[in-house]
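Per TrEMBL, the feature signal peptide maps to 1-23. If you look up TrEMBL, you'll see 24-336 marked as domain 'Plant heme peroxidase family profile'. As annotated by TrEMBL, disulfide bond applies to C34-C125, C67-C84, C131-C332, C209-C241. Per TrEMBL, the feature site 'Transition state stabilizer' maps to R61. TrEMBL lists H65 with the feature active site, proton acceptor. Residues or ranges marked as Ca(2+) 1 binding site by TrEMBL: D66, V69, G83, D85, S87, E99. Among the features that TrEMBL reports, substrate binding site is placed at P172.
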Amino acid sequence: MSSLQLLITAGLLLALVLGGSNAQLSATFYASTCANVSSVVRGVLEQAQSSDVRIGAKLIRLHFHDCFVNVIFSLSLTTASVGCDGSILLDNANGIESEKDAVPNASADGFDVVDDIKTALENVCPDIVSCADILAIAAQVSVSLAGGPSWDVLMGRRDGKTANRAGANNLPSPFDALEINLKKFTDLGLDSTDLVALSGAHTFGRARCITFSQRLYNFSGTGNPDPTLDTTYLETLRQTCPEGGNANTITDLDPSTPDGFDNNYFTNLQNNRGLLQSDQHLFSTSGADTVAIVNRFGDSQSAFFDSFGPSMINMGNISPLTGNNGEIRSDCKKVN
């Protein structure tokens, strides 16, 4: 491929990331074709929640990890998967290296419930609702069921036909400094408010010891714990995650209300009780504009809720496939 062709391909990919398709997503996209889509999703999730209290956090994480796969410049547009296209749901297949095998997705879960939702929707609206939209709707329903805000989910995404494991390996990380994760957000058209608001989804769910144990014993090679970590909380976490212990042991992201969606995540940060380094640094990074946003959300749950929905919409608008692009998968695990 010539240098000119590479430049044209890169330009087309960049336009896809920044602008998506010309077609617009809409809250009423399925009004005439599958009007009860949200109630079907809710019904499946209510049943799933009865046996897995963590399912809501798992599903919103899948939506986040689906949307945040950034562009990897390649020799063909057909080999690039970007944005909210359901690519995280694809299994390994001929020509597809599953994003499920990317390091950040090692503990990703909830795929079986996505399959259950797809089956339920196919029974009432066959070949209509995309897997990418299922993730967006499931995220909103999950937050609502946990006591959080509601918002009008924009729909009309279509499903990608490939995956992007390399892109999935470059998701925002719990180990990265604030400026690194913020750049990953701004590269996709999001801002500091989106970063703080979306991080607030860590108000429910769990995390493995491997994602935060570096803060407990030898932070950044100092031989000491992370100085931004409350000492009482530190001792509690050391009991859960002893040095040399099981890296896959889980603990609550929000120890105060672990299964409820509220603003306690932010009050935890204000008290130096954020579990992940990337969370605490939203508040403890001197001079960062995120500090004031954390304070605003910590002081007012309504301020957090008012921002969370729009930030979820912003994230859900990252490079969707619409119109005639992509497809509507009949099975979320594989292309048609």
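Including glycine, each Cβ sits where the backbone N, Cα and C put it.
Those TrEMBL annotations? Automatic predictions, nothing curated.
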- request: Using all protein chains shown, find which of the binding-site residues G83, P172 scores highest when you count other CB atoms within 10 A of its CB.
  value: G83
- prompt: What subset of the disulfide-bonded residues C67, C131, C332 lies within 10 angstroms of D85 (Ca(2+) 1 binding site), using C-alpha positions?
  reply: C67, C131
Query: Within the chain of D66 (Ca(2+) 1 binding site), which residues six or more apart in sequence place their C-beta under 8 angstroms from its C-beta?
result: C84, D85, G86, S87, I88, L89, A132, L135
- prompt: Here are some disulfide-bonded residues: C125, C241. Which one has the most Cβ atoms within 10 Å of its Cβ?
  reply: C241
- request: Counting Cβ neighbours within 10 Å across all chains shown, tell me which of the disulfide-bonded residues C34, C67, C209 comes out on top.
  value: C67
Query: Given the disulfide-bonded residues C131, C332, which one has the fewest other C-beta atoms within 10 angstroms of its C-beta?
result: C332
